[in-house]
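Asks: Structure incoming, see below.
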Amino acid sequence: MHSSQNREAMESGEEIEIADDNNEFSSVMGRKYSPVVAHDNDNSAVVEMTSVRPGSSSSSSLPNHDLKKVKVGVHPNMASDEREESLANHNTNGPQRESKLELFGFDSLVNILGLKSMTGDQIQAPSSPRDGEDVTLTFEQPKPTADKSGTLMGVFMPCLQNILGIIYYIRFTWIVGLAGIGESLLVVACCGSCTFLTTVSLSAIATNGAMKGGGPYYLIGRALGPEVGVSIGLCFFLGNAISGAIYVLGAVETFLNAVPSAGIFRETITRVNGTDIAEPITSPSLHDLQIYGIVVSILLCFVVFGGVKMINRVAPAFLVPVIFSLLCIFVGIFSARHDRPAVGITGLKLESFKNNWGSAYQMTNNAGIPDPNGKIYWDFNALVGLFFPAVTGIMAGSNRSASLKDTQRSIPVGTLAATLTTTGLYLVSVLLFGAVATRDKLLTDRLLTATVAWPFPAIVYVGIILSTLGAALQSLTGAPRLLAAIANDDILPVLNYFKVADGHEPHAATLFTVFICIGCVVIGNIDLVSPTSTMFYLVCYAGVNLSCFLLDLLDAPSWRPRWKFHHWSLSLVGALLCIVIMFLISWAFTIVSLALASLIYYYVSIKGKAGDWGDGFKSAYFQLALRSLRSLGANQVHPKNWYPIPLVFCRPWGKLPENVPCHPKLADFANCMKKKGRGMSIFVSIIDGDYHERAEDAKEACKQLSTYIDYKQCEGVAEIVVAPNMSEGFRGIVQTMGLGNLKPNIIVMRYPEIWRSENLTDIPATFVGIINDCIVANKAVVIVKGLDEWPNEYQRQYGTIDLYWIVRDGGLMLLLSQLLLTKDSFEGCKIQVFCIAEEDSDAEGLKADVKKFLYDLRMQAEVIVLTMKSWEAQGEQQESVEAFSGAQQRVASYLEVMKQQAQRDGTPLIADGKPVFVEEQQVEKFLYTTLKLNIMVQKYSRMAAVVLVSLPPPPLNHPATFYMEYMDLLVENIPRLLIVRGYHKDVVTLFT
C-alpha cells in the first residue's frame, strides 16, 4: 500500500512527504532518506533529499510536524510532454499528500534495504554533505554475477573426485586379499555408514542458513562455539594437509610401478611368506618414494602459487580420467582370462569367490608383501584405518557453497548422492575383485586394478597419476584457505601470521601446509600415513555429528533446516561410530588426536578472544537455566541449598569519578560473600530522571558497569535503573529483580558516613526507607562501614572476626563469617562469638548451648558470654561520652524544630513527609543502648580484623534523622564493621 502510494505520487510528479522518524538508516547527520520505486523500465532511480534541521523532532499525532520532500528524478525514456509535465510538477508547490502508513513510521515497513541488513549484507552509508546541500543517491542495477554451479557440477562431481582416491586404486584389492570378501564388505559398510550419517548431519546444518568460508570449521564453530570450532577446524586442516601427502605418495608409487627403471634405489622381492617365487616382484624403494615425493610436493607448491584460479577451473577435468579408468577396470574384470590370460587372474569364478571369502590377516613387510618376519601386522582394525580416507571428501560441496545456485538443495542432494554412489561402487568392487583373482595375486599385486584393466594397464596408470595429482592440488589449495579462515576470525593471536585480506592468496598458509605435507612424505609409506589422516577426519566428522545432535536436541527457534530427513539420534549414532572407529584403528592414535584437540581447545579458551557466534552451547546453557529455574520453583530454598545472591548498590551515597561506575571495594566485598567464587552478584545503580530521556544514558552506564565488573573479576551482572529518585528506584528493584528463587536475597550497601553534609539532606530518609523496604520484602541487609579500608585479596588480615550475635537472624551472620574465612585475606583469622545473658547464672548454660550449636553446624569459633551486669558496669570512655552528648543535643534540636513547625502549621509532628510520634525517654534509651554496645565492641574487639553486629530495625514513628544518630553512635570509632540483619529464613542447618 505504501509502495503503491509512492508509485502514484511519482507517476503524477508529486512530492512524497514522510514524517521524520529516529531510525538508523533514515537519519544520517540530520538528513532523512526514503526508498524509491523506479519505473518498470528504469535503469536507475535518482533520489533527491532536502536537508532536515538536525535535532528536529516529529510526531504523527502533531499537525505541525516537520516533513521532508523526496523528489523523484525523471525517467530518461519519457516522452517530451511527459518530461515537461513532470518537471513542471517538480517546480510547483501543489497540495501535499500524506502517507496513510505514516503512523507506523518509515523504517518499520519491510523494504529491500532492511532485508539486506538482516542477511548481513553491508549497506554503504551515503557520505554526509554540507548543511544546506541536497543529497543525490543513485541505485544502479546490480552487476551481473558469475555463473553459479548446480547440484551436479557444483557438489556431486567435486565430492566424487575427492572421495574416489588413491586408496581405491592401489590398496583396495590388497585389502580384499587380507580381509577377505566378507570382512571387506564389513569394512566398507562401517566406513560408509560413518560418512553417510555425517552427511545427513552436514545436510541439516548446511541448510539452516547461509554459509561462509571455512567449510566444517564454520559449521562446527557456529554450532559448538569458537573454542570447539577452532580445535576441530585445525584438526581438519591437519587431515587435509596429510591427505596431500597421501596423494603425492600414491602418485609417486604408481609412477615407479609403471616405470620401474625410473627408480634410483630399486628393491626386488623374491620370497613371499618364506617361499621362493618364480617371478621376482619389483617394489619401489622407500628412498625413491621420499625423493620423488619431495620433488613433486615442491612442484605442486609452485603450481599452487602460480595458478590457483586455473586449478579451480580445470579441477573437473581431472575427474574425466578417473571415470574412464573405472570403466576400463570393470570392462577388464568382465573380460579377464578371455583375451589376456595372466598368472593369478582367474576371471569371475565362484571358486575364487569362495576361496577369498574368509580373512587372511598376517605379517607383511613395508611393501605390503606377506612376510613372517615382517614388522607390520594387519588385522580388521588396521584395515579400517587404511581404507577410511577412501570415503572422505564429503565436505567438498559445502566448501563451495558460495558458488552454488541453490545451496539449500544442492549440498544435501549432491553430497548424499556422491556418498551413496561411491559406497555402492566399493561394495560391488569387493565382490568383483574377490572373484576375479587368487588370494596370492591380491596380496602381491597392489596395482591389480591396472593389471586387469582393458585394453592395457597404462590407461589406469595415467588415470591414477592424474587423479591423485588433482586431489593433491585440491588439498594444497583447500587446506591453506581453511587455515586462513580460522586466522581471519581473529580468535587465536598465534595464527595472525596466516591472515589474508579478501581476494588475496594465503601464501603463508600454503607454505605451512606444504611443509606439513613434505614432513609426511618423508615417512614414505602410505600405510603408515593414512591412519593419521583418518584420525583427524574422524575428529572432524564427530564434531559435525555432535553439532547437529546438539542443535537438533535443543531445537531452538532459529533451528529450521530445509533438510528434514534428520534426527538427533542419527547424529548421536554417527558421533559414537566415529569415536568407535577411532579406537578400533588405534587407541594410542585416538588418545593423541583427542589430546591434541583438547589442548587446542584449552589454549583457545585461555588465550583466544571471546566471541559470541550464537553457538549451540549458549542455547544449551539458556535452556538448562530455564529448566533449572522451573525446577527450583518459587518455594522456600532448603538451607543446605541456600546461596547468597547479593544485590550490591554501586554508588548510592556521594559521588565517584565519572570513569569509575562502582566503588572498587564493593566488588572485593561481593567476592567475599561467595565460597570459591561460586554464586552470582547483581550490581545495581540508579539514575535519577525520566526513563524516556535517560534510556540511552542507562544503556551506556550498564556497559561501563559490566566492563568494570569483568575487570574486577567478579562473577555478576550489571543492572541500571532509571527512576524519579533513589527510593522509588530501589522499591521497584526489590520487588521485581530476579526470577523465582533466583532473586537477590541480600542487599549490600555502604554506610552513609557523609549523611550530615548540607547538600545531602535526603540521605537519612532514603537510607531508612531502603532498610524498611528490605524488611517488608523479607530481604537480608548487610551494611559495610569502613568500606575504603576493606582489604583486597593480597592484603592478609590477622586477628579475629568478632560476631555480636544479639538477635536471631537465621544464621546469616555465622555463615558470613565462615565465608570470610575461605578468602585469602581472612584465612589467618579466628572467629569469636559474643552473646549476652540475662543473668549471671545463665552464662555457663548459654555458652555450652552455643558451643554445641556451633559444633553441630561444623563451625569452629570461640564463644564469649557477656552478662547484663557486665553490660551495665562498663566504663564510659571520654570519646564515647562526647559522641553521646553531641547526639543528645542534635536530637533535642531536631525535636524542637519539629515542634515549632507543628505549632505554626497546627498539625502533629511531621518528619520526612509523614507524621511521627516521639517519646523522649525512648529516644534516650535507644541512644544509651547503642552507646553501650559501641563501648563493648571497642573494649573486646579492638584488635579484630572485622566486626559483625546485628542491625537494629528503624523504630516505628521515629524520624529518619534520629535513626541515623542511633547508628552513628553504634559505629563510632570502629574502623571496619558489618551491620547485618537476616530474614525469616534459615541459611544454615544442623542436619546432613
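Even glycines carry a Cβ here, placed using N, Cα and C.
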Asks: Quick one: which of 1-23, 70-92, 392-414 does TrEMBL have down as region 'Disordered'?
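Replies: So the range that TrEMBL calls region 'Disordered' is 1-23.
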Asks: Cβ under 8 Å to the transmembrane segment (228-250), counting only same-chain residues 6 or more beyond its ends: which ones?
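Replies: Non-local partners: 165-167, 169-170, 214-218, 220-222, 289, 293, 296-297, 300, 389, 392, 395, 464, 468-469, 471-472, 475-476, 478-479, 482-483, 485-486, 489, 491-492, 513, 516-521, 523-526, 529-530, 532-533, 535-537, 539-540, 543, 593, 596-598, 600-601, 604, 608, 613, 615, 617.
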Asks: Compute the average pLDDT of the predicted model within the domain 'SLC12A transporter C-terminal' (796-991).
Replies: 82
Asks: Might you confirm whether the transmembrane segment (152-172) is in contact with the transmembrane segment (315-336), defined here as three or more C-beta pairs under 8 A between residues 6 or more apart in sequence?
Replies: yes
Asks: Residue counts in helix (H, G, I), strand (E, B) and coil for the domain 'SLC12A transporter C-terminal' (664-785), per DSSP?
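Replies: Helix, strand, coil within the domain 'SLC12A transporter C-terminal' (664-785): 58 helix, 29 strand, 35 coil.
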